[in-house]
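First the structure, in the form of structure tokens, and then the observations on it.
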Amino acid sequence: MTLASIRRGYHVIKTLLQYGLDDVLPPKMTPWYFKLARNSLFWIRNKHKGKSGGERLKLAMQELGPVYIKLGQMLSTRRDLLSDEWANELAMLQDKVPPFDGALARQAIETELKAPIESFFDDFNETPLASASISQVHTATLKSNGKAVVLKVLRPNVEAKIQADLLLMSQTAKIIDYLLGEGNRLRPSEVIEDYRVTILGELNLKLEALNAIKLRNNFLDSDALYIPYVYEEFCYPRLMVMERIYGIPVSDIAALKAQGTNFKLLAERGVELFFTQVFRDNFFHADMHPGNIFISRDHPENPYYIGLDCGIMGTLSEVDKRYLAENFLAFFNRDYHRIAQLYIESGWVSEKTDLQAFEQAIKVVCEPMFNKPLDEISFGHVLLELFRTARHFDIVVQPQLVLLEKTLLYIEGLGRQLYPQLDLWQTAKPFLEQWMAEQVGPKAMFKKVSTKLPYWSDKLPEFPELIYDNLKLGRKLLSSQQQMLDKYLKYQQQAHKSNYLLITSAILLICGTLLFNQDATLWSPYVCLISGAALWIIGWRSRPKNRKF
């Protein structure tokens, strides 16, 4: 650990203590020697005793800077780990930081382009359009066609700063893991690893550009979603250039009302977009918070979404998708036994889990949800409560499902903000049922066979040779097994013979010793002893030497 990381660690601990976050730790983590060290190294008092633990954590992360703000935002989606009170506070963290110098942005852009900005762009504005913890955005026009574009560039030295903070977080998480011991539900190392993967993915703008291109191609003819065009020839790990858009922020409800937006259609399209991305394309935008979503200004009666920032994308395996769809359908059919089975069959919880106990725990959590109308039930909270319940049965955390849960909560919250009467179930159920029918029906089977047919046709001429090779290999295995069996039987016979001789020799030696004390003929003890010794030597030397078969 470097001196700089030690200083940073001291600053982080000091900040957390200033907000009295040691007060919320369990007693086993604050023994007398912890309190002694705290008072010796940090002459700090908690000045925020009137605030809740969640609010204090939010303020501390806000003060610690961008990396911790993003960590807090991620933690706000892990409601399977945190209480709603803490999660709601962290959700209010805003990734807004002062912009860095426009001259530095110009320098960073020209380093990536290996040419002056004016070689490719006109009207470059050194005053940023937007600024965040990892990057900031500048406007310009393309010299080749005059189209308006935005240039997204990483902050100077941001990678080194993030790596240093991640190392510190990882080391701290390991210490907390050790203190809490096995079986703790917080699992800090797991949380930090999820965060590390997420934030490092955001540091590669070339990857973000490729994600945006793929998502755009998936929705080229869509009336519901528009992804701005990416100029791939100008995209690098630290620079991304894309079409400039002029939509209305989805959070600006007043502006959307003023232009006469069809809120019902917009909310329903948001739900359809989510399920289309997950179940049709298996490629979903996993960072759909309001800052990344805009609404079209044209045709407010037929509005569409504009999606930005494709740095965090999610995918699911075919198995995950099937089990997820079945989970939702089983929940709304109140089939808790099937839900428990699905969690075990999918490998999300151990196969050793007590099925009846798990089913009962799911029923206790889910049954009260049906006390309210179906249109008020939240898909995201259903998934969340199921994960929370599974936590008590040692669920194997699936990062892709955590991303899905976060995205679903965003989409639901957004949909009900736009149109409070949104019936999520009625919107999603036909989609889920159609997808399930396509996966398990005759058409699905025919499609899978058709997909595999070219491969089988290509391999068909090789089948006779493969059969011959397998038969030949089988004969070799049988011959090898027979040889091993013969060796084993021979070993057993030798061992049996040796043991018989050793036992007999032991009996003769014991008898010879006893006869010395009895009224026996003079030669009897000697015969027994000599015979016993001879048999012992023969038995010992006849022991099988090699146990390898």
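Positions of Cβ are set from backbone N, Cα and C atoms, glycine also.
Look at Swiss-Prot and you will find Asp287 tagged as active site, proton acceptor. The annotation ATP binding site is assigned in Swiss-Prot to Leu129, Ala130, Ser131, Ala132, Ser133, Ile134, Ser135, Gln136, Val137, Lys152. Annotated domain 'Protein kinase' per Swiss-Prot: 123-501, in sequence order, evidence recorded as sequence analysis. Positions annotated as transmembrane segment by Swiss-Prot: 498-518, 520-540.
By the criterion of other Cβ atoms within 10 Å of the residue's own Cβ, the least surrounded of the binding-site residues Leu129, Val137 is Leu129.
According to its DSSP assignment, Val137 (ATP binding site) is in a strand. Spacing of Ser133 (ATP binding site) relative to the residue listed as 'active site, proton acceptor' is 15 Å (Cα to Cα, whole number). For the binding-site residues given as Ser131, Ser133, Ser135, the lowest number of other CB atoms within 10 Å of the residue's CB is seen at Ser131.
The maximum pairwise C-alpha distance among Leu129, Ala130, Ser131, Ala132, Ser133, Ile134, Ser135, Gln136, Val137, Lys152, the residues recorded as binding ATP, is 14 Å. Comparing Leu129 (ATP binding site) with Asp287 (active site, proton acceptor), their Cα atoms are 20 Å apart once rounded. There are 22 other CB atoms within 10 A of the CB of Asp287 (active site, proton acceptor), with all protein chains counted. Separating the Cα atoms of the residue listed as 'active site, proton acceptor' and Val137 (ATP binding site) is a whole-number distance of 18 Å.
Along the domain 'Protein kinase' (123-501), the predicted structure has mean pLDDT 81. Neighbours of the ATP site: apart from Leu129, Ala130, Ser131, Ala132, Ser133, Ile134, Ser135, Gln136, Val137, Lys152, residues of the same chain with C-beta atoms within 8 angstroms of the site's C-beta centroid are Pro99, Pro128, Val153.
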